[in-house]
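Quick look at what TrEMBL lists:
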COMPBIAS  18-32  compositional bias 'Basic and acidic residues'
COMPBIAS  61-74  compositional bias 'Acidic residues'
DOMAIN    131-264  domain 'SLC41A/MgtE integral membrane'
DOMAIN    343-485  domain 'SLC41A/MgtE integral membrane'
REGION    1-83  region 'Disordered'
TRANSMEM  88-112  transmembrane segment
TRANSMEM  118-137  transmembrane segment
TRANSMEM  177-197  transmembrane segment
TRANSMEM  203-233  transmembrane segment
TRANSMEM  245-266  transmembrane segment
TRANSMEM  272-293  transmembrane segment
TRANSMEM  305-327  transmembrane segment
TRANSMEM  339-356  transmembrane segment
TRANSMEM  400-417  transmembrane segment
TRANSMEM  429-449  transmembrane segment
TRANSMEM  470-494  transmembrane segment
């Protein structure tokens, strides 16, 4: 804690209580904002939603006034304030990682377009069900880690080197536990969803799916977690708001890394003639789980999530698996084969943008509201205009993010076209339908994020740990479903135009049903 002078000041819940005199209250308020310390590691009651500021919360106007006072006091005051950004500065900070993330998803789509013809993917089609669930781990784990650490940086919890590395190591170990378990459950879901429509079950397929999923989740999560920590620490040192760059960078190469590892491992195990090898691979990674559990339990933040953080990641995995089932059925239709290239793009971009907004809203709530309390403008029934109409920081970020959708996707569409991938021609009707689909997806996600983050905060849950898994999983499901509908619409429209161009009467050129 910051030294407030020789007078002893009582401590309550890890924070000093305010003195009765005015000057002491002023100094205490600054000290509370500059001393974000965790409770004793031995305290099992630690919660991520414990107040990160003092007992006296500041409104946005009061914060602006305090920031002016802080500037008068000079840089040595050590006060942590909510980052102040203009829309242009925000857009520039978001733009580069957004483009990196987009090109990463484009690369993942091209890889998926190639590997869909490999033996493992053609013989064991349930692997396609695994794809959204494993790619969704970046939202379940990497983006959640990025959001938690971004908030910790902004409120000063990572100023102490010891506390910083305790947070990092505990969260990385927790992430490995979750990746292993979720990878196993994703394989189980893929087996069940593949078995229900066909009524066939093959043990060799189930074992290969399990080993491929667990190994991919473990290796990809470890690599991306290390990259994510480097991004957070680097953002702090360079003065960039990590809320703007961490979550998209977490996804920039996440899809590509995960998909490449999944293809390589599944194809290798498929070609290997000894069936017990798949079982040994799965058992090896599963047996490492107790070690990661012991390491993550050493820190109170990760120990809390080790027991309470399973609901969002498992639920998100189930939602993504449903999107995977849609992808599996769509890819099997030869008339819609081009969809496989665009699925990681539309899913990844939507998830990246909504993760940025969720992380920013969460940081804002940590600064200005106690757990269970929300700003006055967010009370009452939700309405979509609340997300985009206004001059607040969260309104501006929503406006900036929605404006990035169309130009961003145009760049990515032409990139796919120049790389001669996608099996589609960039006609005006195709681009119009695709861009409308992408815009609708992001509009829905931003509205859902605004409602969900405030609802979770009101119920006492930390949205940094709970909201992003749900939002990115919904992004996968919405993206895959809306893209499948748009491709069906384009296919129907093509058949209709073909029928009319053949000279047949218009009343005979009816739209075919989706099943045909």
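Glycine is no exception: its Cβ is also placed from the backbone N, Cα and C atoms.
Each of 203-233, 272-293, 305-327, 400-417, 429-449 was scored by its Cβ pairs under 8 Å to the transmembrane segment (339-356), and the highest score goes to 429-449. Here the transmembrane segment (400-417) sits against the transmembrane segment (88-112); at least 3 CB pairs are under 8 Å, leaving out pairs fewer than 6 apart in sequence. For the transmembrane segment (429-449), the residues of the chain that approach it from at least six positions outside its boundaries are 342, 346, 349-351, 353-354, 357-358, 361, 382, 384, 387-388, 398, 401-402, 405-406, 409-410, 413, 467, 471, 474-475, 478-479, 482-483, 485-486, 489-490, 493, judged by C-beta separation under 8 angstroms.
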